[in-house]
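Enquirer: The following block contains the structure, expressed as structure tokens.
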Amino acid sequence: MWVFGYGSLIWKVDFPYQEKMVGRIRGYSRRFWQGSTDHRGVPGKPGRVVTLVEDPEGCVWGVAYRLPAGQECEVKAYLDFREKGGYRTTTVVFYPKDSSIKPFDVLLYIGTRDNPNYLGPAPLQEIAEQIIDAVGPSGRNTEYLFELANSMRNLVPEDVDEHLFSLEETSKGTPGKRTKPKLPLE
């Protein structure tokens with residue numbers, strides 16, 4: 001079983017895997033439209049993390065992970081818990097960056113529009129301010145944004161994810177409320 005990562009699964013790999021491969025899926029675009037009250041924000045002050053939205057012309061680069069033989073159910077159960085908060089799973093075709101490898105199916109987690117944490121579209125500046133101000137049990141929301149952008153630049157320099165990179169630039173240039181939010185007590 002293969003799982004596709006397009007957000008924190010790209011840079012925060014805390015599960016066992018047998019193999020990983022850079023590639024893309026088609027028919028979607030990555031957007032910071034999913035609220036996070038369990039990882040990058042808290043109830044009443046959610047952070048924003050990525051989900052995918054259907055886009056016939058879209059292409060999302062990421063990393064596919066092959067789960068270890070005999071541990072698929074255990075690792076999937078862990079990922080189901082990690083990706084809680086409104087995500088559903090579906091299967092899509094993955095196109096490896098290495099074109100000598102044939103496309104294959106991967107499991108994909110998507111935050112749906114009808115889930116309680118879905119925030120939807122907003123002006124880029126508003127999304128940036130929300131990310132700057134949010135912090136949750138997994139850390140600052142800006143860490144999530146900046147790690148994802150850096151990872152995509154390193155893995156796929158040719159990627160032109162305008163939403164991701166514009167949001168990164170806007171967040172770095174937003175003076176706003178740059179006070180350090182207090183981390184939740186553990």
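Counting begins at 1 with the first residue displayed.
Even glycines carry a Cβ here, placed using N, Cα and C.
Got these off Swiss-Prot a minute ago, pasting:
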type	residues	note
ACT_SITE	Glu83	active site, proton acceptor
BINDING	Val3, Phe4, Gly5, Tyr6, Gly7, Ser8	substrate binding site
Enquirer: Beyond the listed site residues Val3, Phe4, Gly5, Tyr6, Gly7, Ser8, identify every same-chain residue whose Cβ lies within 8 Å of the center of their Cβ atoms for the substrate site.
Expert: Leu9, Ile10, Gly62, Val63, Leu108, Tyr109
Enquirer: Calculate the distance in Å between the alpha carbons (Cα) of the residue listed as 'active site, proton acceptor' and Ser8 (substrate binding site), and round it to a whole number.
Expert: 10
Enquirer: How would DSSP class Ser8 (substrate binding site) in three states?
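Expert: Looking at the DSSP assignment, Ser8 (substrate binding site) belongs to a helix.
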Enquirer: Per DSSP, to which secondary structure element type does Val3 (substrate binding site) belong, with helix, strand and coil as the options?
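Expert: Note: Val3 (substrate binding site) is in a strand by DSSP.
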Enquirer: Could you list the residues of the same chain, at least six apart in sequence, whose Cβ is under 8 A from the Cβ of Phe4 (substrate binding site)?
Expert: Ile25, Gly62, Val63, Ala64, Val92, Phe94, Val106, Leu107, Leu108
Enquirer: Cβ distance under 8 Å to Gly5 (substrate binding site), same chain, sequence separation 6 or more: which residues?
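Expert: Listed in sequence order, they are Val13, Gly62, Val63, Ala64, Tyr65.
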Enquirer: CB neighbours of Glu83 (active site, proton acceptor) within 10 A?
Expert: 21
Enquirer: Enumerate same-chain residues with a sequence separation of six or more from Gly7 (substrate binding site) and a Cβ-Cβ distance below 8 A; give 'none' if the list is empty.
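Expert: Same-chain residues close to Gly7 (substrate binding site) (Cβ under 8 Å, separated by 6 or more) are Arg30, Val49, Val50, Tyr144, Leu148.
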